[in-house]
Number of protein chains: 2
Amino acid sequence: MVKANANYGRLQGNYLFSTIAKKVAAYTEAHPDAGIIRLGIGDVTQPLSPAVISALHSAVDDMADAKTFHGYAPDLGYEFLRSAIAEQDYRARGCEISDDEIFISDGAKSDSANIQEIFSPDAKVAVCDPVYPVYVDSNVMAGRSGEWIESEQRYSDFIYMPCTEANHFMPEFPKENPDLIYLCFPNNPTGMTITKERLQEWVDYANRIHAVILYDAAYEAYISEPDVPHSIYECEGARTCAIEIRSFSKNAGFTGVRLGFTVVPKDLKADGVALHGLWARRHGTKYNGAPYIIQKAGAAVYTPEGQKEIRQLVGYYMENARMIYEGLKDAGYTVYGGVNAPYIWLKTPDGMSSWDFFDHLLDSKHIVGTPGSGFGPHGEGFFRLTAFGTHENTREAIKRITEA
Amino acid sequence: MVKANANYGRLQGNYLFSTIAKKVAAYTEAHPDAGIIRLGIGDVTQPLSPAVISALHSAVDDMADAKTFHGYAPDLGYEFLRSAIAEQDYRARGCEISDDEIFISDGAKSDSANIQEIFSPDAKVAVCDPVYPVYVDSNVMAGRSGEWIESEQRYSDFIYMPCTEANHFMPEFPKENPDLIYLCFPNNPTGMTITKERLQEWVDYANRIHAVILYDAAYEAYISEPDVPHSIYECEGARTCAIEIRSFSKNAGFTGVRLGFTVVPKDLKADGVALHGLWARRHGTKYNGAPYIIQKAGAAVYTPEGQKEIRQLVGYYMENARMIYEGLKDAGYTVYGGVNAPYIWLKTPDGMSSWDFFDHLLDSKHIVGTPGSGFGPHGEGFFRLTAFGTHENTREAIKRITEA
């Protein structure tokens, strides 16, 4: 008799953003004229930049002619894109990463969900709390979670690293040694970041205890301050302990285009097994490459025009981040993030729970945000707003939130 | 200490088509003027059809304007595409499938590799032999294979269903009851197909033993004869025992575009657990939807023009299949498939091994095919040629093979 994967039965509720989408859809149906402003899910609103649009049209034309048609892409990505990434995102910053250590994919969400597959099923997983739910849920599905403890709102077998006001949202080395450590800087959801010095300590720690850091740098383009590392490979020794995941979603607005990549250095081993070969094998067996036209669009991001355009796009969203941060602060809210990240992490007023504040904002202000508790128990009492709206909507949202 | 997924260590060699690609690349480098003709990997050569190209350009233009820009796609696919598929591929054929039972993805390879995840880690897996390697390898990675038995060229825990000349390449019900049964018709690699009557017997069998059939119908568009089922849902009772996987790669030439879908009926349960919800949860957690522009291209395939154009495309390749089949048959080869499928399955001459024949064709004829033994032990002594080349190359290939 066939049985379902029992690990799925341990998942709590729906995927966070699916739950929010359903709540908002129900509210919109009941109140079609509410004029809802969405600052919840991290979805971008600005169109693709001209260099990207032009590359897409040109690649589509290539597909219309047998002489320039492209069938299956190379499993691991086209050389033209891998080399642009390795050169501009890494070697130009002094990080020793070769072209063939870059694996092109359909996005950071897939990669951060799939990467756990190449590790032992009994690997001990450490996550920040609060945290992007994909790291947790993908490991629940893989059977690494143990049981859900309702009273503590946590799984028995994960190591949670609290990120709170008290520790400035910086995870501390856990008491028990983990095998896999998920870190994300600039952080989703808190918008906080890490210094190079502190990240070096994490690299040294991982090398010392023989753990692997899965470093999610999807928001790297939003770094505006010095001494904030753009890549974990800026740290000495990261090639033997770290995998880095990047996205085109937030720097180039590719949420609906789907492109990302993962860096697996050839020096990285798990108990003697090179992880580069395992990830290559997973790609080759379970994936058929990102579409040619999408990879061409990705390459356009690395042209001088493309770089100029995405800086403008990031600047546009960071202006929203500034508006949210300053508007809420001036109105007496306690706010974090928003300086090196497109996320603002705010304390709910009057000790409201995260979901109560969600309902309040939706019902009386017609604004959608994300409840902090959806990211983990230490997110309770916090709330995430994103800077990915339009200027107009963002301004209007802050006006609505801050007015009596 | 972090450890790698030990199941990966049980995989035999590289993914078949990666191995072939490397062999061909090495040969091409040594003999740059050899004029190699590739009839190995099932990659298409003809450009995308005008309706698809036009839809792609139009969707790219949508992405250039904030008013028509599309961010994250719905997890499970856009309604416009799901409804076109459900209506035209299923309900128009009398199959009772609703729009929300269609899950859009980036292709049949990903889906057929990922679908095993929603089942119990100890599920007993039955595969045809020979078989598309992804079904086998994805289950090896998931720990369902047991040990590799070198002398038998098989894994200890899989159920292999031999498809041989003796049984007309039709799998028989295995002695031991499986939980998951992978079937693919029209078949890759043999090019053979199944009658509706025989498929109904499989459906009845699966319902009786409470197994799930994972039905890969990626080559459905190549069916040319009556009484060959286009979908497993043409059989009574399939809604309670079958998942169907489809592709845009071979009917519309999307190998480099990446689009596919999987059908999970809501009636389908594994020991009481509805699999529709599990697959939805997997999509929501580990995937971020197929790109908007690609889904628009997919929808163009379902327009009257699109349908006419893909029939021409399929007709083009089927003319190649006819040339290969008849050319080889006239030259005294024993050949199968090629009538309802783009694959020709031929017996190697003089009892040569499959890889010896591969080397012979590459070295002395400069033609790339796929060794039958790469698909399983009962593929030994056979060889697959694909019909996806150009007319010119296909004609030339057959001339080279059949001349002394």
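Including glycine, each Cβ sits where the backbone N, Cα and C put it.
Heads up, TrEMBL stuff is auto-annotated, nobody curated it.
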Looking at TrEMBL, B:Y72, B:A108, B:K109, B:Y132, B:Y219, B:S247, B:F248, B:S249, B:R258, B:N288 are annotated for pyridoxal 5'-phosphate. Which of B:N167, B:N188, B:N320 sits in that same site?
B:N188
Measure from the CA atom of B:S249 (pyridoxal 5'-phosphate binding site) to the CA atom of B:Y132 (substrate binding site) and give the result in Å, rounded to a whole number.
15
Work out how many Å separate B:R384 (substrate binding site) and B:K250 (N6-(pyridoxal phosphate)lysine) at their Cα atoms, rounded off.
16
Name, in order along the sequence, the recorded positions among B:Y15, B:Y72, B:K109, B:N188, B:K250, B:N288 with a Cβ closer than 8 Å to any chain A Cβ.
B:Y15, B:Y72, B:K109, B:N288
Using Cα-Cα distances with a 10 Å cut-off, which of the recorded positions B:Y72, B:S247, B:K250 are near B:G42 (substrate binding site)?
B:K250
Need the DSSP three-state call for B:G42 (substrate binding site) to compare against my parser.
coil
For B:N188 (substrate binding site), what residues in its own chain, 6 or more apart in sequence, show a Cβ-Cβ distance under 8 Å?
B:G42, B:Y132, B:D216, B:A218, B:Y219, B:A341, B:Y343
Proximal residue to B:N288 (substrate binding site) among recorded positions B:Y72, B:S247, B:S249, B:K250 (C-alpha distance):
B:Y72
Taking the residues B:Y72, B:A108, B:K109, B:Y132, B:N188, B:Y219, B:S247, B:F248, B:S249, B:R258, B:N288, which the record names as binding pyridoxal 5'-phosphate, find the longest CA to CA distance and state it in Å to the nearest whole number.
34
Between the Cα atoms of B:Y72 (pyridoxal 5'-phosphate binding site) and B:Y15 (substrate binding site), find the distance and write it as a whole number of Å.
32
